[in-house]
Amino acid sequence: MNSSNKRIVIVGGGTAGWITANLMATHWGDKGFDITLVESPDIGIIGVGEGSTPPLKGFMDTVGITESQWMPECNATYKVGITFRDWSVKPGFTQYVHPFLCQPDQFTAPAFFHNSFLRRKGVELEGHPDHFFLTTELIRQKLAPLTPANFPFEINYGYHFDSGLLGQYLARHAAGKGVKHRLATISDVVLDGQGNIDFLLTEKGEKIKGDLYVDSTGFKGQLIQQALKVPFISFAESLFNDSAVVFPTTPDEEIAPHTVSTALKYGWAWRIPLTNRTGNGYVYSSGFVDADTAETEFRQHLGLLDSDVEARRLKFKVGRVAQHWVKNCLAVGLSQGFIEPLEATALDMVQETVVRFIEAYNQGAGSDQHRDDFNHRISTRFDAIRDYIVCHYRISSRTDTEYWRACGSNEKISLSLRSILMSWMAGNNITDELEKQKLDAYFPNVSWNCLLAGKGIYPDPSQLKPGSELAHRYKIEGIQNFIRGCALNFRPHKEVLHGQTNR
Ligand SMILES: Cc1cc2nc3c(=O)[nH]c(=O)nc-3n(C[C@H](O)[C@H](O)[C@H](O)COP(=O)(O)OP(=O)(O)OC[C@H]3O[C@@H](n4cnc5c(N)ncnc54)[C@H](O)[C@@H]3O)c2cc1C
């Protein structure tokens, strides 16, 4: 940014808009920039999105918000991973945890890689990821991922939170950093002769003029898609889900620090523990089931068939825009794309987009080269996340409905994902292939291994042979002792959350 380029107008007051406002105000606020967030008083936010990945902690640290400040206000809890239930029908593999890796795992992950690799070669070894990672033990014992100062390892974690309250918290924080908040509905986006956004027009006929515009208007992408006509690349042929039904239930007595994702007949249901309630949602494909049947199945799953609590129904589209930064407009949040909430990656994409944009702008002041590199980088990340999510469905061994049979036989997957699956099935180490295909741009090697091993993508147990002593060099008991020893350093999740509330 230079001195003649100082007005930033963010359109949209959902989580994406407020994360953008906080990051831009933190990085550029003292350089004389004028940042305004415009939010419609009539168009609501999407109001879901209650799970994060670990980088959200980095965001909070960057903008100067501590856990004791924001967590109690947003009914937040800690999250160390996601437990996947009933995605596989293979005996012994009907459940596994996708862990957020932490430092102590460096001592146990080699054993997982070793066992998993040899099991694929036909050796009878324990290859289920749940035996090898500290995270699984924290979930089992319902412990918070905070350690005493003398514990010499770092622990990685994310959060669960009320997304509406988080948006409000971030709005207050942004105001403290000088961000102006304006309530108005944008009815027109007016372009200049070069195709840049010249100004915005509100429903009341007021002009809002900026030098840079951020589109955080949600799925419709009013600036990037509607006004600037940037094409939307749909992921619908490899990801079938397009609908959700959402339903809160009472809070858990003991709070385990994980999201639970349970596969149902036409999709999957999330269970997210907050301090004041449990968030539940069923993500499904309207191509395979109607909304009423899906809601009935979901209520049945929750044991609340007769409850008169009203459920919320939502539609969404999966895919991304062809470019995220075009002319003087940056798209952030649902306006730039959405994959689906299975691994709760959306806010992470928001954060990455804004941080990389600030970096690119600082370096190149908006040069074409910097813009192209930025767009390529963000799209690569989107596509890498998509492939990981598609893999969940493609390798599921469920065949109980047309939906799962279609997922399991879907050939419309990327060549990159196809090459990873072929490499795994051939019994190879997939590390090099992931790197070659740039599929480790988001989920690391260990996540891919957990996904494939956790769903039991191994030779049939009847084909496994005992193997040499060398093959059995890692003893599960020793690994479990180490993990349980580490877990002694952690306190009950509920106790830690209670302490925050009473601070
Ligand atoms: C079913 C489901 C589950 C999800 N779960 C997760 C999850 O677990 N984790 C995760 O990270 N993400 C999740 N997400 C994604 C997450 O909800 C979003 O990424 C996040 O809420 C950000 O949304 P947003 O700010 O882009 O859009 P929205 O929340 O839709 O906000 C749009 C804003 O734009 C404003 N606006 C719109 N039009 C105008 C206009 N004309 N003039 C002025 N203002 C306007 C609105 O008033 C609103 O403030 C989920 C999404 C879905 C659909």
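Just so it is clear, glycine is given a Cβ too, placed from its N, Cα and C backbone atoms.
Computed from a predicted structure; not experimentally measured.
Within 10 Å of the C-beta of Gly13 (FAD binding site) we count 27 further C-beta atoms, all protein chains included. The FAD binding site annotation in TrEMBL covers Gly13, Gly14, Thr15, Ala16, Leu334.
Marked as 7-chloro-L-tryptophan binding site by TrEMBL: Lys79. A strand conformation is recorded for Lys79 (7-chloro-L-tryptophan binding site) in the three-state DSSP classification.
Annotation source TrEMBL lists active site at Lys79.
Among the features that TrEMBL reports, L-tryptophan binding site is placed at Glu343. Within the same chain, residues at least 6 positions away in sequence whose Cβ sits under 8 Å from that of Glu343 (L-tryptophan binding site) are Thr53, Ile82, His98, Ile385, Tyr388, Ile389, Phe443.
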How far is it from Ala16 (FAD binding site) to Lys79 (7-chloro-L-tryptophan binding site), counting Cα to Cα, in Å? 20
Which site among Ala16, Leu334 has the most other CB atoms no more than 10 Å from its CB, taking these as binding-site residues? Ala16
So Gly14 (FAD binding site), by the Cβ count within 10 Å over all chains shown, scores 25
I'd like to know which of the binding-site residues Gly13, Gly14, Thr15, Leu334 sit within 10 A of Lys79 (7-chloro-L-tryptophan binding site) at the Cα level. none
Note: among binding-site residues Thr15, Lys79, least Cβ-dense neighbourhood at 10 Å is Thr15
List those of the binding-site residues Ala16, Lys79, Glu343 whose Cβ lies under 6 Å from any atom of ligand 1, in sequence order, or write none if there are none. Ala16
Within 8 Å of the Cβ centre of Gly13, Gly14, Thr15, Ala16, Leu334, which other residues of the chain have their Cβ, at the recorded FAD site? Gly12, Gly17, Trp18, Ile19, Ile45, Ile46, Gly167, Ser216, Gly218, Gly333, Val350
In whole Å, could you give the widest CA to CA gap in the FAD site formed by Gly13, Gly14, Thr15, Ala16, Leu334? 12
